[in-house]
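Taken from Swiss-Prot, the feature repeat 'WD 1' covers 12-50. For 54-98, the entry in Swiss-Prot reads repeat 'WD 2'. Under the heading repeat 'WD 3', Swiss-Prot lists 101-139. Per Swiss-Prot, repeat 'WD 4' is recorded for 140-178. The repeat 'WD 5' feature in Swiss-Prot is assigned to 180-217. The repeat 'WD 6' feature in Swiss-Prot is assigned to 218-257. The feature repeat 'WD 7' is assigned by Swiss-Prot to 259-296. The domain 'PFU' annotation in Swiss-Prot covers 353-448, and the record cites sequence analysis as its basis. What Swiss-Prot records for 462-717 is domain 'PUL'.
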Amino acid sequence: MTSYELSRELGGHKQDVRGVCSISNELIGSASRDGTYSVWEQINGEWTPHFYENHEGFVNCVCYVPAIDKNSRGYIFSGGQDKCGILQEVGTNSPSYYLFGHESNICSASALNSETIITGSWDSTARVWALGQCKYVLKGHQSSVWAVLALGEDIFITGSADKLIKIWNGEKLVKSILAHNDCVRSLCQIPGGFASCSNDGVIKLWTSDGEFLYELHGHTSFVYSLTYIHNQQLIASCGEDRTIRIWKGKECLQCITLPTTSVWSVSSLPNGDLVCGSSDGFVRIFTVDKVRVAPTEVLKNFEERVSQFAISSQEVGDIKKGSLPGLEILSKPGKADGDVVMVRVNNDVEAYQWSQKENEWKKIGQVVDAVGNNRKQLFEGKEYDYVFDVDVADGQAPLKLPYNATENPYQAANRFLELNQLPLSYTDEVVKFIEKNTQGHSLESKKEPNLESQSSNKIKTTIFPVSQLLFSNANVPAMCQRLRSLNNTKSNPLPAKSIDSLERALSSKKITDTEKNELLETCLSILDSWSLAERFPALDALRLLAINSSSDLAPIFLEVFSRVVKSVPSSGNFESINVMLALRGLSNVVPNITDAEGVSKLMDCLTSTVPQASSAKDFKIAFATLAMNLSILLIQLNLENTGIELLSILFSFLDDPSPDNEAFYRALMALGTLCTVPDIALAASQIYHAQSIVHGIAERFSQEMRFVDAEKQILSLF
């Protein structure tokens, strides 16, 4: 086989390119965390991007959908964080169809044609679509469906974070296979069957009916994506080890290393070229055709960037320099393409990879801080765990960036920028540099916390998880006196003894279920017949009655408060007070909810009541308290999928430009509680950049030590 070489590097996306697809030799699709998807068009040898911003949040996957109509160029499908799939006809500038139905992020897609499209989601289901209509909902996985494949007109394959592969005929499950030792990340069709890859670092080949054939080993970390190269009968794979690998049978023919941390997606063009998307925001094309190979100076620059790529010492383990070989080891050939060795060069440690094609070792990076964990480094008379060299401009000496593993990276970044009189707008970039060079994955380790793991492992801190907070304070005599005053104005008043019974019960704080049922009827009668401005005391009474409700009564209280939230707009003054009181009541109901149906209703209430900047302080506090109590319930019930959904609501609330300190503190308590689950913490970090947001809030309220402590505790969870 002629080896693949770089053809083009296409820049334009501002964040990770999570998905790529082949449309034709001249058209490529891409999806990015920057919230856009793009169609790249080759015109006169140059690639021109057409970016589209039709999603809310990041875009996670993209695939080409051939059209049945021969007059159409087909569609590009994109799916992402907003739970929506979009079909856009190639060559047009607006969506043709919106695909609604998934209850969480859409993370995978595959299509035979516009009548047979399959999507996978964090909601643990796959859906099959004909244009904009859902034909089937494939249920059975216990976690995110990260891989889908339309194998035939009604034959579908799904792979999940639950480690299973399932084969479907229509919506009927045909076979379930415990396929891998970790999350299944991608599927691709091969002659006579399909291939799968996983976080376990292994690629497996299967017949179309799910019989195992053989497996491929070579990747040193998670394998994210697969594609079949039809005109050469090869498989290409990519992953967290920065490589694309080319396979023929059981043999790895070539290993291409990229100057980036992760290669997320790979796809093959009809002419055999490969396109990939990576964590540095680039789309790259590799080719075996000498006509399409990049100019020599471009290739040289690419190889130089690969060789200078900084590899965290944690990525390769705690290296002892004295035990490493010197350059003499490079005189011995590698055993297989892609083999990696660590070499001691003076005071440095360099990584080299064996190239079968060129029959030589090629430098693929320099290990940063490749020393034992106990060593400290001096900078301006102080000891630090790390002192990095940071290049800020060509021709200038690198600047020193000191950092201790125990400190907040944002503090280190701010100190570095202020010391060197650099703009604070670079803070996020410096933090990413620190995190990349101090938080690596081991080349020998295949484990990554997946976003939908059912593990109940939690991290404990001195604050989290917090306890649920109830709204239990009330001036019962004043509340009931107000009820009597209003009741006396009614043409059809309540019996006086009903309000007397309510006052006695609330004052005693020991109420039987029978009494609560009777008092419920009194309060519900008020809600049904009194105006919004008059219902406040009744809602307040219901809030108190909801505390310590039995399993029989809790759903009733939940339904009552939910009805108020859904039926009353929160824009007017009286309206917003009604909703605020209902949110307080819901907060008191949460400790007595034990099922997923109740959780779903609580989530609906939160979603529909996210406060505006102009919302009253009490409204914001009630909302944040409900979110905090719900976060604790989700952890108790191990509902991690819903926990990840709650993150979206929390970060929307935390974006308030006119925050209230108590409300924000309770929202931070909710966030910290959720992030005691590593999978949710990973989602908070990767999707919402939680560290930056938490740091900004702590700075805003830096005069309050509780925010400083909360920041420290939350950041320790990532």
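A Cβ is built for glycine as well, from the same backbone N, Cα and C atoms used for every other residue.
Note on the repeat 'WD 4' (140-178): DSSP counts are 0 helix, 22 strand, 17 coil. The residues of the repeat 'WD 6' (218-257), classed with DSSP into helix (H, G, I), strand (E, B) and coil, number 0 helix, 26 strand, 14 coil. The residues of the repeat 'WD 1' (12-50), classed with DSSP into helix (H, G, I), strand (E, B) and coil, number 0 helix, 26 strand, 13 coil. Within the same chain, residues 1, 3-4, 182, 185-191, 195-199, 201-203, 263-268, 270-272, 274, 276, 286, 288, 306, 309, 336-338, 340, 353, 355-357, 362, 364, 441, 443-446, 448 sit at least 6 positions outside the repeat 'WD 6' (218-257) and bring their C-beta atoms closer than 8 Å to a C-beta of that stretch.
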